[in-house]
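Residues or ranges marked as signal peptide in TrEMBL: 1-18. According to TrEMBL, the feature domain 'Copper amine oxidase N2-terminal' maps to 21-110. Marked as domain 'Copper amine oxidase N3-terminal' by TrEMBL: 118-215. Per TrEMBL, domain 'Copper amine oxidase catalytic' is recorded for 241-684. Among the features that TrEMBL reports, active site, proton acceptor is placed at D318. Among the features that TrEMBL reports, 2',4',5'-topaquinone is placed at Y406. The feature active site, schiff-base intermediate with substrate is assigned by TrEMBL to Y406.
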Amino acid sequence: MSPFFFLLLLLSFELACGHRHPLDPLTPSEISIVSSVIKTSHFGSSKSLSFHYVGLDEPDKPDLLAWSLDHGRSKEKALPPRRAFVIARSEGKIHEIYVDIASRSVVSDEVYEGFGYPMLNFEEEEAASALPFSYPPFVASVAKRGLALEDVLCTPLSVGWFGEAKQERRRVKIACYLTGDTVNFYARPLEGVTVVVDLDALLIVEYEDRVVVPVPESAGTDYRAAKQRPPFGPQTKPGAVVQPEGKGFEVDGHMIRWANWEFHLGFDVRAGTVISVASVKGSEVGTPRRVLYRGFVSELFIPYMDPSEEWYYKTFFDAGENGFGLSAAPLEPNSDCPANAAFMDAHFAGRDGAPVRIPNALCVFERYAGDASWRHTEFGFPGQVITEVRPDVSLVVRMVSAVGNYDYVIDWEFKTSGSIKIGVSLTGILEVKGTRYTHADQIAGDEHGTLLARNTIGVYHDHFVTFHLDLDVDGPANSFVRSKLKTVRVTDGSSRRRSYWTVAKETAKTEADARVELGDEPGELLVVNPSKRTRMGNLVGYRVISHGATAASLLSDDDYPQIRASYSKNQVWVTAYNKSEKWAAGLYTDESRGDDNLAAWSRRYVTCCQKAMNIGVAFVLALEPWLIRWRAACRNAGIEDTDIVLWYTAGFHHVPYQEDFPLMPLLSGGFELRPANFFERNPLIKTRPNGPVLLPNCSTNP
């Protein structure tokens with residue numbers, strides 16, 4: 001059997017497993033077909049072809065919505081054409097390739113000539129990390145410190161951009177650590193050594209051994225259970241989730257249906273979890289109404305606050321440089337996810353284009369937290385007490401991305417009230433710096449961190465996790481509203497009160513109107529549908545509610561990392577929908593310059609429209625060819641009563657403390673999308689209470 005015929009058989013088998021949806025991620029056989037098509041095209045003679053991104057080229061939104069409408073009427077509606085978008089490098093050039101999977105053909109191939117580079121892949125990172133061990137100056141540096149080379153482990157780090165006028169060669173810096181008798185090598189940095197690698201040539205091009213400081217001790221750093229010795233930490237009794245009637249949700253391919261929710265669950269090698277066409281209804285009858293067309297983690301910006309030679313460049317973009325989905329960790333049943341969870345594998349393309357499987361990349365489970373969804377006790381009736389309580393049960397979609405030393409837990413929690421809660425939790429290992437200090441009293445100046453253990457400083461840093469949220473609240477035409485709470489003085493003697501507050505609603509007309517710095521003034525943020533009203537006449541909408549993690553960047557605007565992440569000064573942005581605008585820090589984030597990010601798009605829209613109004617569209621477009629690309633944006637820069645995207649950044653300023661060492665407990669925050677006049681009343685009022693759970697007849701007797 002020929003390999004290609006085998007791929008067709010495998011694809012047919014995959015098509016038969018569950019209903020297919022146009023937004024389904026590429027299957028392993030589709031990834032193989034895409035790789036084969038490219039390798040048998042004009043790239044066949046390339047000796048340096050490498051794949052950096054292979055993902056679904058999602059259908060245009062109007063086409064997908066039309067398919068959904070027709071599919072609702074007829075389940076036999078054919079899928080839109082399946083296409084893949086590929087970023088590959090060959091002979092030192094970056095290629096953007098579209099592949100038609102059905103016809104097995106390259107639709108287009110364009111060379112990208114701008115600034116920045118695509119995501120790194122595991123294979124080149126591994127190859128770069130091995131180079132120092134055969135580099136004599138590095139071997140000498142290890143020996144000078146009295147260390148054994150076999151106890152050293154190295155990892156690659158992105159280098160950022162710091163004002164270089166020309167596009168530099170594609171580089172990484174190599175950070176090295178000592179392992180010894182611990183697996184927590186991040187706690188034992190080999191400080192003072194800088195190794196720069198040319199990724200394309202796989203050569204060390206710069207090397208410096210600037211300073212020698214003690215390597216922190218290994219004692220007490222290993223986090224494995226088998227390595228712990230008494231006295232042990234706090235111990236709780238084991239527990240279990242029992243669902244005698246089975247799981248309450250249905251998994252149909254990538255469609256998830258539960259209670260009053262249905263949505264599509266996908267995976268992307270850069271974004272990780274992708275939630276699409278999330279719709280809700282207020283009762284057990286009726287048609288689901290769309291809330292979220294597409295939502296995912298767009299970028300993570302993690303700048304460290306140490307300006308020294310070995311640390312200044314540590315300003316990472318974990319999605320665009322390393323791949324948030326690429327770093328997805330296989331989830332552990334009964335630990336990462338409870339016993340009642342269902343798991344879903346994910347697949348991505350390796351450097352050679354072959355599909356790679358991540359087992360248990362996602363999990364879905366019902367959460368019984370012991371909380372109430374609503375309750376009331378009434379003592380007002382003489383001689384009786386009325387109490388009504390409904391338990392809170394929610395559906396959680398979880399992914400964990402282990403990007404180097406940090407683990408990020410991302411939860412999408414769907415509630416029967418109509419809310420979607422998005423949780424961001426940080427855990428893992430701090431990025432620490434070796435130092436001579438062994439006690440805080442020895443520190444006189446700014447060491448840019450906290451002394452956590454002998455010779456160990458946890459460096460100050462930030463985490464900014466930006467979400468792309470294409471909200472379609474009861475339809476795609478939405479508006480963004482700021483309900484500002486204003487104090488009103490009573491000065492006319494009409495009341496014994498002297499003040500009260502009221503709500504002043506402002507509908508954003510342009511993207512500039514919708515930039516929000518949380519906490520600058522009291523109020524609420526809403527996305528409403530101007531063409532839909534409740535029976536009471538209120539606009540149908542959803543609120544955006546912060547649950548902690550509201551930090552914004554404190555870096556100066558002219559600092560190079562801040563230029564690259566210039567969107568991080570505002571936690572909320574709203575832009576007109578544009579299919580190509582997915583990644584807050586730009587499509588090519590590695591060594592980017594900030595000229596293709598969320599803030600830059602918004603500035604271009606405003607600039608384009610202002611110039612068009614001042615001197616005429618035709619003249620502007622003739623005068624400045626680059627504006628042609630933004631012509632559609634000029635027409636759609638207004639964000640009132642149109643298809644809009646809300647970008648929300650959950651931000652943490654992280655000052656390390658000793659409790660964060662040697663491995664930090666979860667630090668959590670997030671936000672909520674909560675109905676705001678979306679329903680006619682509380683949809684849970686008619687929820688019937690569950691009866692008592694009847695457990696199987698269990699006995700401890702043999």
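In case you wondered, yes, glycine gets a Cβ from its N, Cα and C as well.
Note on the domain 'Copper amine oxidase N2-terminal' (21-110): DSSP counts are 29 helix, 29 strand, 32 coil. Counting only the Cα atoms, the space from D318 (active site, proton acceptor) to Y406 (2',4',5'-topaquinone) is about 10 angstrom. Broken down with DSSP, the domain 'Copper amine oxidase N3-terminal' (118-215) shows 28 helix, 29 strand, 41 coil. Around Y406 (2',4',5'-topaquinone), taking its Cβ as the centre, 22 other Cβ atoms fall within 10 Å, counting all chains.
Just so you know, the Cβ of the residue listed as 'active site, proton acceptor' picks up 24 other Cβ atoms within 10 Å once every protein chain is counted.
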